[in-house]
Amino acid sequence: MPHQQILMLFGLLPVATNISTWWNFGSMLLTCSMLQVLTGFFLAMHYTANINMAFSSIIHIIRDVPYGWLMQNLHAIGASMFFICIYIHIARGLYYGSYLNKKTWLSGTTLLIMLMATAFFGYVLPWGQMSFWAATVITNLLTAIPYLGNTMTTWLWGGFAINDPTLTRFFALHFILPFGIISLSSLHIMLLHEEGSSNPLGTNSDIDKIPFHPYHTYKDLLMLTMMITLLLMIVSFFPDIFNDPDNFSKANPLVTPQHIKPEWYFLFAYGILRSIPNKLGGALALTMSIMVLLAVPFTHTSKLRSMMFRPFMQLMFWTFTATFLVITWTATKPVEPPFTTISQAAALMYFLFFISNPIMGWMENKIMKM
């Protein structure tokens, strides 16, 4: 009987009739997280969190473990898929005003921070050259914190440099954080269904709703099939497309790579960090590039929820999207002109979007009164 009730709830869950494909990314993210937990579990069975054996254990997984190459590639490329989906999911939230459902938005932003931390810890685990140096650069930012910085860095490293204790605790954190993500995802979904999802028009959906099943289940399944097909195509034909060539060499603390950079999904934040010549200023800008999302629900001034009928805001949104891509691109380049100038201008425009959002809303309200 309880199972029937659950199915009834799922089947009769009322959803707005007009939600578009942009609303499918939530279910895709859920699938990504399930895939990551499963593949990660099998990888953890064969991985060794030791600086002398970590790199060799990855090679052992790929070469000797049955379907180990598939697990490793699904896990690595699955992380990229996860971030593609989450960035689209956030962009949809910004465009259609989903952030006005404050509890859902704040829990979602917390999820993003947890996901970024998990991905960072995971990037260090293969103990390749780029893994080691990316970890060194990013964890070193803690030293910019006045008074506490050096103590916190030593505490995080488990010593006076990145070494075996660092790798062990990063593996422990990479293993435990996904369980926190799953718990918070459940809360995120519960909070969403407390108020119900918005729709492209930004109007009240209560007047026109349909059952979730079969309409939206099939709609979700189509996008999931497309995502899994794309994932398997990349895994089969281009498994190293997102990898850094330096990471195919074992970590060597005595040799610094020519250009240190994290995974592609962190490049926008890394580009903002690099654009500021001051260490503390850069660390603050890096933190703010993500934390600024927390302020969005509290700075909405427009009488319209969605950007669908706000042409000025649409222009600003797509400029913001282009800015995001430009910062990502400049972060892959060396720290030299013209890339430094471009990244500084792009970083400024990135934050200007969040500042001009309430100003534009206020101006639109004035125009509508005329």
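The count begins at 1 with the first shown residue.
A Cβ is built for glycine as well, from the same backbone N, Cα and C atoms used for every other residue.
Note that the structure is predicted; figures quoted are calculated from it, not measured.
Lifted from Swiss-Prot, the feature list:
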BINDING   His75, His174  heme b b562 binding site
BINDING   His89, His188  heme b b566 binding site
BINDING   His193  ubiquinone binding site
TRANSMEM  25-45  transmembrane segment
TRANSMEM  69-90  transmembrane segment
TRANSMEM  105-125  transmembrane segment
TRANSMEM  170-190  transmembrane segment
TRANSMEM  218-238  transmembrane segment
TRANSMEM  280-300  transmembrane segment
TRANSMEM  312-332  transmembrane segment
TRANSMEM  339-358  transmembrane segment
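Nearest by CA distance to His75 (heme b b562 binding site), out of the binding-site residues His89, His188, His193, is His89.
Less than 8 angstroms from the CB of His193 (ubiquinone binding site) sit Leu13, each of them six or more residues away in the same chain.
For His75 (heme b b562 binding site), other Cβ atoms within 10 Å of its Cβ number 20. With Cβ pairs under 8 Å as the measure, the transmembrane segment (69-90) is packed most heavily against 25-45, out of 25-45, 105-125, 170-190, 280-300, 339-358. Two recorded stretches are said to be in contact when at least 3 C-beta pairs lie under 8 angstroms, sequence spacing 6 or more; the transmembrane segment (170-190) and the transmembrane segment (339-358) fall short of this definition. Across the structure, His89 (heme b b566 binding site) and His174 (heme b b562 binding site) are spaced 23 Å apart at their Cα atoms.
Note: the CA-CA distance between His174 (heme b b562 binding site) and His188 (heme b b566 binding site) rounds to 21 Å.
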